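What follows is a set of notes on a single structure, which appears directly below.
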Amino acid sequence: MSVVFKIQGVLKNYDWGKIGLNSFACKLYKSAFSDFEVNDLAPYAELWYGTHPSGPSVIPTLGGMTLMDWISDHPECLGQNITNLFDKTKGLPFLFKVLSVNKSLSIQAHPDKQTAVKLFEQNPDCYPDDNHKPEMAIALTDFEALCGFRPFNEIMIFLKEIPQIQKVVGKEKIDEFLKTENRDTFKSLFRALMTCPAEIYQPLLSEVVQNFKLDKYHGDLCKSVCNIFLRVSDEYPGDIGLFSIFFLNYLKLKCGEAIFLAANEPHAYLYGDCIECMACSDNVVRAGLTPKFRDVYTLCDILTYNCKPGNENVFQSTVDSNDPLVKTYDPPVKEFTIDKISLPSDHKAYPLKVISSASILLVVSGEATYKYQSEEQSLHPGTALFISSQAEIYLNPISELLIFRAYCCN
């Protein structure tokens, strides 16, 4: 059995989202559902597609039946790539999103499977899934993020040039790290930073803010983070997470560039719009830059403390050897792969790759029609399709078309 039908995603309002139609996620949703009333003052942060219970997609032509319920009745639609590896009763193994970030998200990491099970058992209210959450972000606009720990040599420069960090962490921790330059002493240093009492770190943080405003830090590395530090300090004044900017790589991705975030890697999205795909989980361990629940000791315990240059965190796509119009983002996890498909307006009857996996296709820009068997329907920005395993579908662009497709590849 193969089928293709349109689905409706779930638009999420979080404080960090872009406002009204400034949100890429909101614009896509409004384009797909013109009767949706946009609140010009509300933040629209995420648009979800998939079967996760916190935001299940629905099928408008079936009276709003959830995609999860439909898959439960038709598990064969998932295909061997999914059913051979995952529990078919849980639906799609991936969660597909559009994010529109107006202000910084929390300093966070996502636990591995073993830790996720433990956290779920101990605190299901804060950790609602027993699954890991590796994820990938693909920039739709200029996209800023903190991602992974900086190389040791950069961290040591900050420790030496910003004396306030020395006072927060303590001379003993810094001396141990400078002497050994190993992962254990760095972990001890970072834990001391993130668990420092507010009465100690907040006056020192105020000094750092003032020094940046007065241009008192003269090193090139300090100057490189000045603007981002001051911007985030306006968003989260007095937050311990601000010190993380000196420890994490700052990245600015161009459209089409990506980062892959494995389990237990620290990160924080700062600004911009992106496609995001992840294992089907909503687990987040937070420790700064957030009004939400913080689990500082857990975060410090689970982090990998891998330190490497920022550009090594950029994930490279590959051009499909059989189709130069397709760029594939294939991370080292089994749950998901993403294709970026760019079609010129004159490319008619384009055959979408037939795969042994159910997939979700999202139109980001452009107009087209799609043909499945004898049926032909329109595609425009915000249209999302559920495509079952082995379905044959043809696209006919009316204008230049940009689409993303998430599926399970193995």
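Glycine is no exception: its Cβ is also placed from the backbone N, Cα and C atoms.
TrEMBL labels come from automatic prediction, so no person has curated them.
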Among HIS218, HIS267, HIS347, which residue shares the Zn(2+) site with GLN108, HIS110, GLU135 according to TrEMBL? HIS267
Secondary structure tally of the domain 'Phosphomannose isomerase type I helical insertion' (181-248) (DSSP, helix then strand then coil): 51 helix, 1 strand, 16 coil
Determine which residues of the same chain, besides GLN108, HIS110, GLU135, HIS267, have their CB within 8 A of the center of the CB atoms at the recorded Zn(2+) site, and list them by sequence. ALA109, LYS133, LEU261, GLU265, PRO266, VAL284
Which chain-mates of ARG286 (active site) that are at least 6 residues away have a CB under 8 A from its CB, listed by sequence? SER106, ILE107, GLN108, LYS292, PHE293, ARG294, ASP295, LEU299
Sort the residues of the domain 'Phosphomannose isomerase type I C-terminal' (329-369) into helix, strand and coil with DSSP and give the three counts. 0 helix, 19 strand, 22 coil
Using a Cβ cut-off under 8 Å, which residues of the same chain at least 6 positions beyond either end of the domain 'Phosphomannose isomerase type I C-terminal' (329-369) come close to it? 7, 28, 49-50, 57, 71, 77-82, 85-86, 92-94, 96, 98, 134, 136, 138, 140, 256, 258, 260, 262, 275, 277-280, 315, 317-318, 320, 323, 376-410
Check the domain 'Phosphomannose isomerase type I C-terminal' (329-369) for me and report the mean pLDDT. 97
If I restrict to non-local contacts, at least six residues apart, and a C-beta distance under 8 angstroms, what lies near GLU135 (Zn(2+) binding site) in its own chain? HIS110, PHE260, LEU261, GLU276, CYS277, MET278, ALA279
